[in-house]
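**Student:** As annotated in Swiss-Prot:
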| type | residues | note |
| --- | --- | --- |
| BINDING | 29-36, 147-150, 184-187 | ATP binding site |
| ACT_SITE | H36 | active site, proton donor |
| BINDING | Q60, Q153 | (R)-pantoate binding site |
| BINDING | Q60 | beta-alanine binding site |
Amino acid sequence: MIIADNIKQFHSIRNSLIKQQKIGFVPTMGALHNGHISLIKKAKSENDVVIVSIFVNPTQFNNPNDYQTYPNQLQQDIQILASLDVDVLFNPSEKDIYPDGNLLRIEPKLEIANILEGKSRPGHFSGMLTVILKLLQITKPNNLYLGEKDYQQVMLIKQLVKDFFINTKIIVCPTQRQPSGLPLSSRNKNLTSTDIEIANKIYEILRQDNFSNLEELTNKINSTGAKLQYIQKLNNRIFLAFYIGKVRLIDNFLKETGPSC
C-alpha cells in the first residue's frame, strides 16, 4: 500500500495510475470499523484501484469538543487498510486541504440541509460538502462509496456531484450494525460499557416499536438514561439522534424494517 501524506505526493501517485484503470474512493475520518471495511471491500470488488482517505475535517464540527475527542488510531488504521490490500492511503494535513484557511465554502440551500442534522449542527453540511468537493477534485475517482447511515450527507453529496458536473458515480452501501441494532460508528469507541448497555436498551425499544407515537417513544428512550435530540419520520424513514453521556450518535432506517441487521 502506498501512503501519500500530502497533495503533491498524491498527485504524483495519481498521475502514475493507468488512465484505463477504474478508481474507487472511500473517504473516511479514520478510526476504521467494519462499516468502513464493508465499503472498502465493495470498492475492491468493483475497481482496479482503491483509494482511501483519512482526514478529520475540522470545518464540519460545530462542537470543538467533538472534534478534539474524535478517535484517532492512525497506525491501527494503516494496518487495517494494508490487510485489505488498499492501493493508496491519502492522509493529508489540515494545511494541505485548507492552505489559505477556510476562505471558500459550499453553502447548501436544499431543504434537507436545514432539518435534522442540519438544524442540530449548524455549519456541519457546509464543511462536509466543502471537503468532499476538495477530495473529489484531488482523487478524481470513477466511483465514490458512502454509507447509508449518513443519509442526509449522501443526498447532499449526490446533489453536489450533479450540480458541479463531477464525473463520479456514487455507490451507497447499507448501514452495518451490531447484533443489537446499534449502527457501527467511529464514535462508538468513546462509549463505556455502561453506555453500551444503554445503547442496547434503546435499540431493543426501537426494534419493538411501530413508530406511531413518537412522543411516547421519546419518553421511552430518555428513560434509559440517554438524551434524545430528535426523532422524526421523513417519507418512509425514521431519523434520530441521541446522546449517551457526551457521545452523540445518529441513525436512520426504513420504518417498515426498523434497525435490523
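From the backbone N, Cα and C atoms, a Cβ is placed for every residue, glycine too.
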**Student:** Return the count of C-beta atoms lying within 10 angstroms of the C-beta of S186 (ATP binding site), excluding that atom itself.
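**Tutor:** I count 19 other Cβ atoms within 10 Å of it.
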**Student:** Of the recorded positions listed here (H36, Q60, Q153), which is spatially closest to S186 (ATP binding site) when Cα positions are compared?
**Tutor:** H36
**Student:** Below 8 Å Cβ to Cβ and six or more residues apart, same chain only. Which residues does that give for M29 (ATP binding site)?
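**Tutor:** Sequence-distant Cβ neighbours: I54, F55, V56, N57, Y70, S186.
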**Student:** Given the binding-site residues A31, L184, and counting only Cβ atoms in the protein chains shown, which has the most within 10 Å of its Cβ?
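**Tutor:** Counting every other Cβ within 10 Å of each candidate, the maximum falls on A31.
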**Student:** For each of the binding-site residues (H33, K149), count the other CB atoms lying within 10 A of its CB, then report the residue with the highest count.
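**Tutor:** Within the set of binding-site residues, the most crowded position is K149.
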**Student:** Considering only the recorded positions H36, Q60, Q153, which residue has the minimal Cα-Cα separation from L184 (ATP binding site)?
**Tutor:** H36
**Student:** Across all protein chains in the structure, which of the recorded positions G35, H36, Q60, G147 has the highest Cβ count within 10 Å?
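**Tutor:** Of the recorded positions G35, H36, Q60, G147, the highest Cβ count within 10 Å belongs to H36.
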